[in-house]
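> Pulled these from TrEMBL:
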COMPBIAS  407-419  compositional bias 'Acidic residues'
COMPBIAS  440-450  compositional bias 'Acidic residues'
REGION    403-450  region 'Disordered'
TRANSMEM  87-108  transmembrane segment
TRANSMEM  114-137  transmembrane segment
TRANSMEM  168-188  transmembrane segment
TRANSMEM  200-221  transmembrane segment
TRANSMEM  278-298  transmembrane segment
TRANSMEM  310-329  transmembrane segment
TRANSMEM  341-360  transmembrane segment
TRANSMEM  366-387  transmembrane segment
TRANSMEM  457-478  transmembrane segment
TRANSMEM  490-512  transmembrane segment
Amino acid sequence: MKQRRLLRKEASAAASDSPVGKWAGLTGMAVEFTWAVQESTIVPYLLWLHVPLRFTGFTYLVNPIVGVGLQLGVGRLSDAIGRRKPFLAGLTVTGGVGLFLLMLSYRLGSSETSVAIVAMIGFAISDVSHDSLLIPARAMIEDLTMRDPDCRNELNARFSRFQMVGRLLAMLLGAFPVGYLLDVTWFSHVPASSPSANHLVGLVLCAFLVLVATSCTVLWISPVENPAKRHAELNALREATDAVVDVETPPADLEGTYPLLNAPKVTPKSLPWRRATLLTVHFYGWLVTMTKDFYWTAFLQGSQVGVMRVSFLGLGAGALCSFAVSLFLRPLNKTYGSRAVYFIGEILLMLSLLLLDVTGDGVGTIFVAACAGLSYAVHTNNMFLIVHNLTRRARAYELAQERASLDEDDEDEDDEDRADENGHGRKGLISSYGTIGNDDVSDSGSEDSDAEGAHNAWTISLVIAAMPAAQVIVGLFSGMVLEHVFKEDFVAFFTFLAKIGLVVNGAAIYILHR
């Protein structure tokens with residue numbers, strides 16, 4: 001078994017050190033940069049155009065209506081044809097078109113209403129495209145892991161670091177007078193007497209430049225995709241590792257050296273409801289995160305550029321904390337387990353928003369934003385690991401049961417005696433793997449191994465779809481609830497969401513670890 005793991009680790013280490021393994025996260029940086037810019041600017045821009053607050057949330061409806069189906073389709077189709085680069089290139093083009101519409105909305109519209117409509121259309125196209133960009137980008141790094149969990153942890157943590165750098169750059173840039181540094185009035189036609197609007201358009205222009213530069217870089221360094229060659233390489237790796245006899249002691253549970261949450265036994269029957277519970281928690285985490293980001297600038301009365309820069313400083317502090325956490329994400333997951341780290345991050349987000357009862361909308365909001373930022377890197381990264389591991393644990397359990405049944409019929413007395421003496425015979429070893437969900441088990445069967453490698457983008461799209469699904473709720477109800485129920489009391493609104501979040505996470509922990 002030790003030889004098997006060494007063979008796989010050698011292959012995955014080489015892939016991790018490849019240009020794609022090192023720099024595929026640039027796409028994540030561009031996506032996060034644009035998210036941070038759009039989420040923080042679209043509501044103030046619409047309010048500047050005198051769009052009522054209760055209607056601003058409708059901006060986020062197009063993405064979930066179109067995005068969920070598109071993202072699941074992108075995942076399925078990308079897996080079916082075995083290619084990632086065509087989707088990366090196509091979604092970069094549509095994302096750039098959306099950003100251009102948002103930048104030129106004041107020029108293209110003839111009235112405040114038409115300007116707002118063009119801006120909302122541009123925002124929707126850009127948002128859908130950037131959300132979907134994560135599917136081929138993350139699938140590219142997942143293809144490199146060779147099903148090695150340590151490699152997956154490393155590459156996903158690296159991708160998360162790139163994302164946090166993008167978010168940090170966007171927030172720091174938003175704290176500076178971009179509208180003055182980049183003269184955008186000549187092509188946007190936004191009046192020079194409106195510095196806040198020019199500031200927003202300047203940030204969108206920066207997002208466009210970052211998107212084009214990073215996507216072109218990733219496409220340039222990526223090798224020509226050959227699905228048949230990759231399939232042959234995976235088969236060769238599986239045959240090489242399967243040739244090694246299972247006589248070594250199984251490695252420790254990959255759910256953490258000192259797990260804070262005990263790993264439950266995952267059976268194929270329990271997999272759907274466990275996965276649904278996790279995705280529900282992820283959905284609510286996105287709902288709270290997006291609501292906070294969308295309304296944070298408006299919460300701080302961001303109609304004036306000076307106050308807007310203060311809000312960006314607060315969000316920048318959160319982005320800096322997110323980047324700091326991303327640096328330690330891999331050792332945290334290896335030590336305490338990806339599930340435990342994820343739930344700690346979610347609970348920390350809810351507790352940080354409860355601090356608004358103390359700080360109000362004063363300078364203390366910078367501290368609140370920084371505390372909330374501690375959870376963001378974990379939120380955007382760990383659910384991919386959790387869902388992948390959950391699926392593998394179910395497959396490992398199923399395969400272990402099948403092999404144990406065969407061993408009962410085929411093992412001779414010598415094998416049984418050896419298993420009784422050292423506890424690590426073939427049957428005992430497989431049973432152990434079935435309990436802890438070790439990934440080596442699923443490599444032994446060709447059908448299971450092939451199926452696992454063929455659904456990387458589909459699994460990723462399931463996790464990513466939680467975000468646009470949350471946007472349905474934000475788009476339909478957030479503005480109306482803020483205006484009519486909470487009477488535009490942002491503090492009461494944020495703290496209410498946080499209290500519900502604590503209940504959701506507590507219930508999920510209980511359900512998943514019964």
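Along the chain as shown, residues are numbered 1 onward.
Yeah, the Cβs are placed from backbone N, Cα and C, and that goes for glycine too.
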> Which stretch from 87-108, 114-137, 366-387, 457-478, 490-512 shares the most C-beta pairs under 8 Å with the transmembrane segment (200-221)?
87-108
> May I ask which of the stretches 87-108, 114-137, 310-329, 490-512 has the most CB pairs under 8 A with the transmembrane segment (278-298)?
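The stretch with the most contacts is 490-512.
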> Does the chain bring the transmembrane segment (366-387) near the transmembrane segment (490-512), so that three or more CB pairs sit under 8 Å (pairs 6 or more apart in sequence)?
no
> Between the stretches 114-137, 341-360, 457-478, which wins on the count of C-beta pairs under 8 angstroms to the transmembrane segment (490-512)?
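Comparing 114-137, 341-360, 457-478: 341-360 has the most Cβ pairs near the transmembrane segment (490-512).
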> Pairs of Cβ atoms less than 8 Å apart decide it: which stretch in 87-108, 310-329, 341-360, 457-478 has the most with the transmembrane segment (114-137)?
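Between the candidates 87-108, 310-329, 341-360, 457-478, the best contact partner of the transmembrane segment (114-137) is 87-108.
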> Residue list, the transmembrane segment (310-329) vs rest of chain: Cβ under 8 Å, 6 or more residues beyond ends.
36, 40, 157, 160-161, 163-165, 167-168, 170-172, 174-175, 293, 296-297, 299-300, 302, 341, 365-378, 381-382
> Report, as numbers and ranges, every residue of the chain located at least six residues beyond the transmembrane segment (457-478) whose Cβ falls under 8 Å of a Cβ in that stretch; write 'none' if there are none.
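Distal contacts: 57-61, 63-65, 67-68, 71-72, 74-76, 78-79, 84, 128, 131-132, 134-136, 138-139, 142, 275, 279, 282-284, 286-287, 290-291, 294-295, 383-384, 387-388, 391.
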